Amino acid sequence: MSLKTRLIPCLDVKDGRVVKGVQFVDLIDAGDPVAAAIAYDAAGADELCFLDIAASHEGRETIFDVVARTAEHCFMPVTVGGGVRTIEDIRKLLLSGADKVAINSAAVTDPDFISRAADKFGNQCIVVSVDAKQRLDQAVGGDNGQAVRREDKESQWEIYTHGGRKPSGLDAVEFAARMVERGAGELLVTSMDRDGTRSGFDIALTRAIADAVAVPVIASGGVGTLDHLVEGVREGHASAVLAASIFHFGTFTIPQAKQYLQSHGIAVRMDRAA
Amino acid sequence: MSLVTIIDYGAGNLRSAANAFERVAATLDTPPEILVTADPEAVRRADRIMLPGVGAFADCKAGLDAVAGMREVLEERVIAGGVPFLGVCVGMQLLASEGREKTVTPGLGWIPGAVERLTPSDPGLKIPHMGWNTLTVQKPHALLAGIPDGPDGLHAYFVHSYHLVTDSADTRLAIADYGGPVTAAVGRDNIFGTQFHPEKSQALGLKLIENFLRWTP
């Protein structure tokens, strides 16, 4: 046997509270990220991911408390992303109980930061968030001047930073390869086009990056059905699949998703949680 | 009250390790004290010693050497005194004769062998070996008791690019398969080490920690 495909629920956290609604049976406080994390742990999630989208400096501080309280109860890997810009940010998250940190904007503005972080904490700790959008070329022009998908295969996707608001001009596949050279141990590949749409991963993007790098790729952005998870692994070549709303809103449970993956020939971990 | 020390030498997810040990300790009839410490004198008093480690071999070894007196206390208590010892991840790799990550660095030499880069037979397999894998026990051991192994067994969480290739098959207690055998657990006498992270391995990990806290080598 080899490694199992990892299923990772992601919690968006703002000022210490889960932003997207979480609907679990028996969950007293659905807005508490720690309660949600404990529920996912018990359900057999393979890892947890917190994305801190804090609105304020005070909000930023609360993530350390969320991570620390989660680590007291959940004995599984925890990744924390959002606003990670300095070596000190990483150290504080690790001391709180995080195992990995996801770095986005800082990786684009200062690639050397990835090298320094990997040297300091090890490659296994450094996840680079690759937030990409399909390039649209207005100049080519479709009917009625609509934007059309660019045919240029050399640069099909562009990296965005600051939560998908700022285009960087960088090609996503090239950027991903460069981050791995710098020491990223894993890539979290999110399609900004698909995020929140429930229309499935951008499979071409996921596969282009997964096939270009030697480190594991987590597919993210757009999951609406269990088939999307299967596609991410089979066609996108991802080592792990991340989803938020299908789990938060109770559309599917973690065991349902795992059973579905397994029934489609994808090896998953079916251990009962401790 | 007996004392378990988790060694703080600037490397490792100390909080996670302490959390898991505290969780298990609380379930025992006579819970031991769990102490994260950089003080060799505290380690000298310990009834059990855990050495974590995350990062590169050379950095971790330098970090351990930088704690004045720690190496001497470890040799005295673990090798001469027979105190139960658990090394995890790079804390396990440091038991080797030498590490061959980037440069050649001497290890503690407690488990003869070298730490080598993983070379899966299938070049499509990703490095690091990151995620959940099952174990195959090579030699039964008290710390692996009650942990189902094999393809239908429990899973352990791995995250590493190097592993300890032991000189003797006798000290390689468990392996995982990742395009070939990967050393998952090593040991001899009162010394045990895991490449995977028990503190992050849910059911399997908590059972192993419980076994360690109950272990009388």
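Glycine is treated like the rest: Cβ placed from N, Cα and C.
Curation plays no part in TrEMBL annotations; they are all automatic predictions.
There are 18 other CB atoms within 10 A of the CB of A:Asp12 (active site), with all protein chains counted. According to DSSP, A:Asp12 (active site) sits within a strand segment. TrEMBL lists A:Asp12 (among others) with the feature active site.
Look at TrEMBL and you will find A:Asp131 (among others) tagged as active site. In sequence order, A:Asn104, A:Ile159, A:Tyr160, A:Thr161, A:Gly163, A:Gly164, A:Thr190, A:Met192 are the residues near A:Asp131 (active site), counting only same-chain partners six or more apart with C-beta under 8 A.
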